[in-house]
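Chemist: Okay, these came from Swiss-Prot:
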type	residues	note
REGION	1-83	region 'Domain I, interacts with DnaA modulators'
REGION	83-124	region 'Domain II'
REGION	125-341	region 'Domain III, AAA+ region'
BINDING	Gly169, Gly171, Lys172, Thr173	ATP binding site
REGION	342-461	region 'Domain IV, binds dsDNA'
Amino acid sequence: MTASLWQQCLTRLQEELPSGEFGLWIRPLQAEFGDRSLTLYAANRFILDWVRDKYLLRINSLFTEICGADAPTLHFAVGRRPTAATVQMNTAAAPVADVRIGPAITVPSWTSKQDAMPEINHKSNINETYTFENFVEGKSNQLALAAAHQVAENPGGAYNPLFLYGGTGLGKTHLLHAVGNGIRARKPNAKVIYMQSERFVQDMVKALQNNAIQEFQRYYRSVDALLIDDIQFFAKKERSQEEFFHTFNALLEGNQQIILTSDRYPKEIDGVEDRLKSRFGWGLTIAIEPPELETRVAILMRKAEENKIHLPHEVAFFIAKRLRSNVRELEGALNRVIANARFTGKPINIDFVREALRDMLALQEKLVTIENIQKTVAEYYKIKVADLLSKRRSRSVARPRQLAMALAKELTNHSLPEIGDAFGGRDHTTVLHACRKIAELREESNDIKEDYSNLIRTLSS
């Protein structure tokens, strides 16, 4: 058995999987070869279980395809193997817009000795109600959740820094607190600080005013994990950026975990120095997208359960179908429904919800129309709306038309026949085919996935 077998498998998997997925799960695996066997080693149990559940059948089929009857038996284990027995991929996956993979650091800060110094009292600000257990997973946040789990299990060693970006109310803050709670559950004395970026600025200003900048630096550079929300507010604050630049470097050199969030991709943050934006992408950068319909329903059902309220599934579906922009909006709507139900004593049904949320629903329906979707898609692809309505079948027109149909089904309450009629009198089966095709392409093509997400953000903002 030679290393070339696993290299061939890696090459095939890299071709088949999205770059971010390959880099997060497959590339870090290490292979040990035995007598007619191959053992794949994962860094921790979470990664091992994920890889075994998602990729076992495909890896075995590749072994059979390459080796035939001589295919090795595949085993999994947690840990690392000696260098001589280990093979990793030495070709890097191409970066994509929503996930970036960079170098990882392997030693948690609290396993290495620190210089002796007086104890500093760190106020964590971690919200104990935000945990991994009550975070609702969906396709839109799956990678971010997986990376957050790994960071909580191995702070300073899994992905450092971890940079999460996406629109308001999509769960970035929840994940920050969940990581903080996860770290402290494993290491109760860990110094974990959560903060908004504005607090870092305010603390620095106070330190300068009080001639206490060294104490400020010591405070922030002696943490085990620093979790900063909304890093985009550092924009145009040169002195704060300078201080954070040195804090960032000190933490990274000390193998101390950094997690940052923003409403946009690092390189798109205006007013932040290039050297900082470059460092933001050194570890792992992941986008969190607006939740899909099934996840929105699951969020509502979970929230209702937490409030000990019976929410009929059809009511959750009714709300989720109409409110699509973010989790915060969904939870706010449900809170209003619950408050109205408790005040009036009426049962929660669709008519009750329609009345309780009439202003929110009216606004949402006014904002997103099929006509608006058609104009937005046409502008995005630099074609004419008339092209979307025409009989033209060239890929440059057909694909945007399918995307627009899928968006109309996702973002409006129109039936398939109504959507088809709005696209040049097409049959409802054409719309159904378009929706299924786009769903497939979002799984297979990073370009289509990114286009769809960009259009959703534009139409929902």
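Backbone N, Cα and C atoms are what each Cβ position is placed from, and that goes for glycine too.
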Chemist: Counting other CB atoms within 10 A of each CB, which of the binding-site residues Gly169, Gly171 comes out lowest?
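Modeler: Looking at the binding-site residues Gly169, Gly171, the Cβ with the fewest others within 10 Å is that of Gly169.
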Chemist: Determine the Cβ neighbour count for Thr173 (ATP binding site): the number of other Cβ atoms within 10 Å of its Cβ.
Modeler: 20
Chemist: Can you give me the same-chain residues 6 or more apart in sequence from Lys172 (ATP binding site) with a CB-CB distance under 8 Å?
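Modeler: Expected: Ala144, Leu164, Tyr165, Gly166, Asp229, Thr261, Ile288.
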Chemist: Would you mind splitting the region 'Domain IV, binds dsDNA' (342-461) into helix, strand and coil residue counts from DSSP?
Modeler: 93 helix, 0 strand, 27 coil
Chemist: With DSSP, how much of the region 'Domain I, interacts with DnaA modulators' (1-83) is helix, how much strand and how much coil, in residues?
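Modeler: Looking at the region 'Domain I, interacts with DnaA modulators' (1-83) with DSSP, the answer is 49 helix, 17 strand, 17 coil.
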Chemist: Hey, does DSSP put Lys172 (ATP binding site) in a helix, a strand, or just coil?
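Modeler: DSSP assigns Lys172 (ATP binding site) to helix.
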